Every structure is written in C-alpha cells, then in structure tokens.
Amino acid sequence: MSDVLLVLNAGSSSIKFALYEAHTEPTADHLICEGGIGSLGHRPHFKVVNSDGSTRYDTYLPEGTSHDDAMAVLIGWIETTFPEHRLSAVGHRVVHGGALFDGPVDVTPEVIAQLRAFDRLAPLHQPHNVSAIEALAKLHPSLPQIACFDTAFHHRLPEVATAFALPRELTEQGVRRYGFHGLSYEYIAGRLPDVAGQAVADGRVVVAHLGAGASMCAMLRCRSIATTMGFTALDGLMMGSRCGELDPGVVLYLLEEKSMTAREIEDLLYRESGLLGVSGISDDMRTLLASDDPHACEAIELFVYRIARELGSLAAALGGLDALVFTGGIGEHASEIRRRVCEQAAWLGVTLDPDANASLSGAGRISAPDSKVSAWAIPTDEDLMIARHVWRLADGGR
C-alpha cells in the first residue's frame, strides 16, 4: 500500500482538492487527480478530473449538504476509489498566519485556536480554511494535518516594508503589513531559474499574481522585499470583487455619513467592489473582455492602471527592474491584460513581443529579445507547493 497526500483549499462555497503520490517529493507528474465540491449551499457539484484532464467522477450532492458533510463525502470517495493507497497526511491552504507562523506547521488544538484569531483579518477565506481542518480532525483524529500559509513567504520583509504610520503600540499589537499569495510567489521563485535562467532569478523581479484575488510582489534573489497586500487581503490591487487600496477616509464617511455598519462595509469592500462593482456586470475578467459595455471597459482600464502604478512603486523598492512575471488565472491566460500592462511599463524598459504574448501556452518569455526588462508568463501551482511542504513535514519527508 503506497502513501498519498491530500491538498485542501476550502472556501465559502467550495472545497477544492488535489491528490498526490507521496513516495518521493511531489512534482507535477505525481498528481493523481484533482477537483472539488462546489456550489455548497445551493446544489453541490462534485467533480474530479485525472491528471490528464479527463473526467473521473461527476455527480451532484443533495441540496443542503454542509461543508462538514462535503468533507466526509470527499474523504469517503478517496478511500473507496483508491483502496491501494493510504492517506498519510493532509495539507491545507490557510490564508493568514500573522506574525506567528513563518512556515508550514503541524496542526494542533493550540494552532487551531491561534488561527481562529485571524478570522476577521481574512473573512473571505480564513474561517473556511480553519473549519475544514476542524471537520477533518473529527473524521480522522489521528491523520496528520499541516497548515501552509499565504503569509509565510513575506515573513522576512524588511521592517520598513511592513510598517504603517500608526502609533507604535498598534504596531506592537500586530497591526502591520503581512502580504498574501505567498504560496504562489514561493512556487514562482522556485520556477524562475528553470524558466528564465539563474541570472533573472538572482535579479530584481516583480511578480504579478492576477486572478479573482490579485497582488504583486517585489523579489530580490527570489526573496520578498515588498508586496501590495497589507494587513488583510483587501489592500493593493483592484480585484474581482475586492476594492484594493482605498483612502481610509472613505470608510469613515460610510460609517458616519451613510450610517453603514461595519459588516455592511465589509460586504461592500470584499464582495461588491473591484471589477464587479465598477463594471456592474461581473467579477470575471473573461466576461468583461468579451463585453462592449463602456462600464466593462472602465473596469478593465482601472485594473490595468492600478497594476501599472504598483509596478512603478515596486520597481522603486527594488532600485530598478530586471524582469516582470505574470501568473494567476488572469496573468496566465489573458494576453490582452499582459499586453496593456507591458505597454504602460515601456518607460521601465519593457518591450513586448506581440506574437509571443498572443501565442504563449504554458511558461515562457513574452518580451522582445532586445527588451531591457524581460517579461514572462509562468503558470503557478499552489497545490503542488503545499504538497511539497506536507511531504517534507510528514513522515515521507523525515
């Protein structure tokens, strides 16, 4: 009986998973299958695809299926479908680790209690990340679970890059910049030498993780030195339904002049803003790019503008720029967004190769051969990054 590792990413209405062979440190070739249970709270859809993309399992679960029920269904399906394998450990994507965790950690009751303290700092993700851990602990109390944090990659940011201009006592209480999407940035940092060469990896690189959630990270020698997200995953770039950077005075105005409650403002900023709020149409970039509605065009223009502005800021933090990397769902697949960003980055030395950008599939260079700053698109794989952390911490890696 061979060991397998399970990677879980639990959200408000879904549980996504990936299953890997665990006889050696996982690579993409060790993926057995992946999928998830979506539309929880409505008509849950359970779909699994094999590593080659073919459908392995596709069904609907009863309406009213809870997150805990869905977890039991998923684990039961894995154990029934793969009797020749032993589930040896589970890795969870956990968005916020605060200042407590600088790397993956074995989950204990004490760790769970510490993670619960961050629920209000990442309301779209953290409560559901931790609930999945708790549900699985009830199902399999002896199964090792490992929490892998989106904040950990930024744990050693320079102090000046983490500080807000607030009274020192608040800073000492943990009100500071943490940064997110760290599992994605960690994966890209590991891929850079192979895709772009060691010289690029050792240089001044800005990585743009563009998806429903979006952020950017300035890397020097593949280490984070500045990032756009802050105390929460609400800060920085405009996102699918999140506002990104916002004058705090707007929040005070909404509280005092519009008599909105804190929860109403949270819903507005996290769930009703960004591409969705500006366009009034959708939080999906594909839908907006296909639309001729002027509000869709305005949303796209603002999205690109914010990226271009933050790129200049991060280049300043690096003292220059050697390479720009796109990743995430939009960064990997939306060549039009890459084109617009690169055109606005021409002053930094980015010269796009239009044909390479339009035809790229997978990882590769999209800038012209004579571009002073090279530009790349590299697919990310947060699940694989988590699987590697789990393997290293669990029995197979010891």
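First residue shown is number 1, and so on along the chain.
Cβ atoms here come from the backbone N, Cα and C positions, even for glycine.
As annotated by Swiss-Prot, active site, proton donor/acceptor applies to D150. Residues or ranges marked as Mg(2+) binding site in Swiss-Prot: N9, E382. The ATP binding site annotation in Swiss-Prot covers K16, H209, L210, G211, A212, G213, D284, M285, R286, G329, I330, G331, E332, H333 and rests on sequence analysis. Annotated substrate binding site per Swiss-Prot: R93, in sequence order, evidence recorded as sequence analysis. Residues or ranges marked as site 'Transition state stabilizer' by Swiss-Prot on the basis of sequence analysis: H181, R242.
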Cα-proximity to A212 (ATP binding site), 10 Å cut-off, over recorded positions N9, R93, D150, H181, E382: none
H181 (site 'Transition state stabilizer') versus L210 (ATP binding site) - Cα distance in angstrom: 10
Among N9, R93, D284, I330, which are recorded as binding-site residues, the nearest neighbour of D150 (active site, proton donor/acceptor) by Cα: R93
Least buried by Cβ count (within 10 Å) of the binding-site residues L210, A212, I330: A212
Pairwise C-alpha maximum, in angstrom, for the residues (K16, H209, L210, G211, A212, G213, D284, M285, R286, G329, I330, G331, E332, H333) that bind ATP according to the record: 22
Of N9, H181, R242, E382, i.e. the recorded positions, those within 10 Å of K16 (ATP binding site) when Cα atoms are compared: N9
Residue pair N9 (Mg(2+) binding site), R286 (ATP binding site) - Cα distance, angstrom, rounded: 23
D284 (ATP binding site) to R93 (substrate binding site) - Cα separation in whole Å: 23
